[in-house]
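Accompanying notes for the structure given below.
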Amino acid sequence: METGKVTQEPKQMKFTYRFAFFFIAGSLATFVFHALTSSSSVSLFGWRLQLRQLHHLPTAHYLQTRDEFAVYSVDELNAFKEFYDKSVSDSVGASYTEAEQTNIKEALGAMRLALDMHISGKDDKAARLFEHALALAPKHPEVLLRYGEFLEHNQRNIVLADQYYFQALSISPSNSEAFANRQRTANVVQTLDERRLVSLDEKRDALSAIHEANAALRRAKKEAYFQHIYHSVGIEGNTMTLAQTRSVLETRMAVDGKSIDEHNEILGMDLAMKYINASLVQKLEITLKDILELHRRVLGHVDPIEGGEFRRTQVYVGGHVPPGPGDLALLMQRFEHWLNSEQSNSLHPVNYAALAHYKLVHIHPFIDGNGRTSRLLMNTLLMRAGYPPVIIPKQQRSQYYHFLKLANEGDIRPFVRFIADCTEKTLDLYLWATSDLPQQIPMLIQTESEGGVLAQLQSHIAQSAPEPYESGSGLDSGVNGMP
């Protein structure tokens, strides 16, 4: 009997150990499973899903956006849809404030009503409702997707539709509808963009054929010089009128009621533009030293200590957080390499100039004057390619910053198109000024409240009498006679 007891106890102990082992193993497996599938811990799945996002790489590919969806089938994307949509809705939804959640509900309601209006044939009302929905929830993929489809099929605005599909995919990479829509529109939009660039080249060549001694062209160049400074400082908040800006540049006299800084901003731009005309336009390569010298002149009268120097503190620009001061030297070296690389110089001049502008303002290397320096660099590159310096009207400031914001979010194309628009309007102005057209060409008719820089230019050009340029004024040099 005693022997039987002894042999029984080890068996019971073995059973107990096995039970404990399987219990612990099962508990651990359950914990790992929940950890991997919970919305708060999606690192392993999220890492792979991030590879499927649409990327814009500020440190490398400035023209192309990398669409990595192209290597995955729709079936594979659908396999991730349920998991990804749930994890995104859980994690993002939890971060919404009560007001934001209310806006999203209202936006979805407006979107559904817009779809009903469209079915009823009331497209005007549908368009207004879609705009309202987008204003309430500009980051909601469903709103972006449905509005894009409405624009594509009913408004025939395939470019804007493609932009919204791109945004929807950036927010929800597993959205197979947005993916399919973008596959349909991407090539068409690229073709339209390429045709636009061909048209710009044709207008540039037509302008280049006009002799530099043409009196009308010289008047247009002089007026554009004043306009360029007026609008560039105006974008940054300078309150000088065009007449006051002209007076400061021509007389060097102070304007009553205006701050010293506002005067100095205008004088700094004048110095920088003369430096471009006298030096940079003729150079084969633009170096980091050239950019620092350009900035030194921009801030030469406002803040000579910071002029031409990298910032030494962290700055914040709206929702954009530029690199820290410790990274600026390396990033600017990379920018210099990109600026002079064979790949960059093979781009169309308008694309190249717009991307250089964006890249520099994205790095934000200076404590002040980043926007003015970036626009001056952009125009330097355009002038080297035979284009006139582009005027970005200060009345379009909100659009300008909106497109920069979209570029920060991953889609550089709207900003490049905006610069192309400004380039075309500037070219049209010069061509109009040197032609025998009795009236304004249609695309130049703008009211001042809409940013009528070209209408203002036309008025001043028409009223100006031919006059010789002063030697060394910075207005008589440049490529193909551009200021």
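Each residue, glycine too, has its Cβ placed from N, Cα and C.
Looking at 202-207, 232-237, 454-459, the range tied to motif 'Inhibitory (S/T)XXXE(G/N) motif' in Swiss-Prot is 232-237. Around Thr373 (ATP binding site), the same-chain residues at least 6 positions away in sequence with a Cβ under 8 Å from its Cβ are Ala272, Ile291, Leu294, His295, Val298, Leu360, Phe366.
The residues of the motif 'Inhibitory (S/T)XXXE(G/N) motif' (232-237), classed with DSSP into helix (H, G, I), strand (E, B) and coil, number 4 helix, 0 strand, 2 coil. His320 (ATP binding site) falls within a strand when secondary structure is assigned with DSSP. Remote same-chain partners of the motif 'Inhibitory (S/T)XXXE(G/N) motif' (232-237), defined as residues 6 or more beyond its termini with a Cβ less than 8 Å from a stretch Cβ, comprise 245, 262, 265-266, 269, 371-372, 375-376, 392, 394, 397, 400. The candidate set comprises the binding-site residues Gly318, Gly369, Gly371. Of these, Gly369 has the most other Cβ atoms within 10 Å. Following the DSSP three-state reduction, the secondary structure of Arg375 (ATP binding site) is helix. Neighbours of Glu236 (ATP binding site), defined as other CB atoms within 10 A of its CB across all chains, total 15.
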